[in-house]
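Worksheet for the structure shown next.
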Amino acid sequence: VHLTGEEKAAVTGLWSKVNVDEVGGEALGRLLVVYPWTQRFFDSFGDLSSPDAVMGNPKVKAHGKKVLNSFSEGLKNLDNLKGTFAKLSELHCDKLHVDPENFKLLGNVLVCVLAHHFGKEFTPQVQAAYQKVVAGVANALAHKYH
């Protein structure tokens, strides 16, 4: 992903304030609630029967944290997202058979959650930079599908 110096500063500046546990669980939970067909990849997570069940599910929260920790690694390697996410791309493609469109959906949900958490601080410029990043990460995760 090519970001200007200003965009990189905006992304890393905001990310340094992100509570990965909280935001990760909320982002994955919202994905599962807003796009319920994505739940089929999480059969082992137990009760996903209602929005409250999803948002309170400890396995959703734990996996959301894991997802955002990987995203954090991506932010440290913006110039090599394909390399950073190669193993995860392979896992999600070959073993889990996740629809690569879901990576885009999760990226967009993450942007919504960041906007919700940071309010006025999440300016249109910050959003534009994050949209570039989540699109780059989604492309890197979809790489093994091509």
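Positions of Cβ are set from backbone N, Cα and C atoms, glycine also.
Swiss-Prot has this to say about the protein:
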- VAL1: N-acetylvaline (MOD_RES)
- 2-146: domain 'Globin' (DOMAIN)
- THR12: phosphothreonine (MOD_RES)
- SER44: phosphoserine (MOD_RES)
- LYS59: N6-acetyllysine (MOD_RES)
- HIS63, HIS92: heme b binding site (BINDING)
- LYS82: N6-acetyllysine (MOD_RES)
- CYS93: S-nitrosocysteine (MOD_RES)
- LYS144: N6-acetyllysine (MOD_RES)
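Features per Swiss-Prot, on structure.
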| residue | record | Cβ within 10 Å |
| --- | --- | --- |
| VAL1 | N-acetylvaline | 20 |
| THR12 | phosphothreonine | 14 |
| SER44 | phosphoserine | 6 |
| LYS59 | N6-acetyllysine | 15 |
| HIS63 | heme b binding site | 17 |
| LYS82 | N6-acetyllysine | 14 |
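Each residue in the domain 'Globin' (2-146) has a pLDDT score, and their mean in this model is 87. Taking the C-alpha positions, the distance from THR12 (phosphothreonine) to the residue listed as 'N-acetylvaline' comes to 14 Å. For the pair VAL1 (N-acetylvaline) and LYS59 (N6-acetyllysine), the Cα-Cα distance reads 31 Å.
The residue listed as 'phosphoserine' is 28 Å away from LYS82 (N6-acetyllysine) when you measure Cα to Cα. It is 9 Å from the Cα atom of SER44 (phosphoserine) to that of LYS59 (N6-acetyllysine).
In the three-state DSSP scheme, THR12 (phosphothreonine) falls into the helix class.
The DSSP breakdown of the domain 'Globin' (2-146), given as helix, strand and coil counts, is 120 helix, 0 strand, 25 coil. VAL1 (N-acetylvaline) carries neither a helix nor a strand DSSP state and counts as coil.
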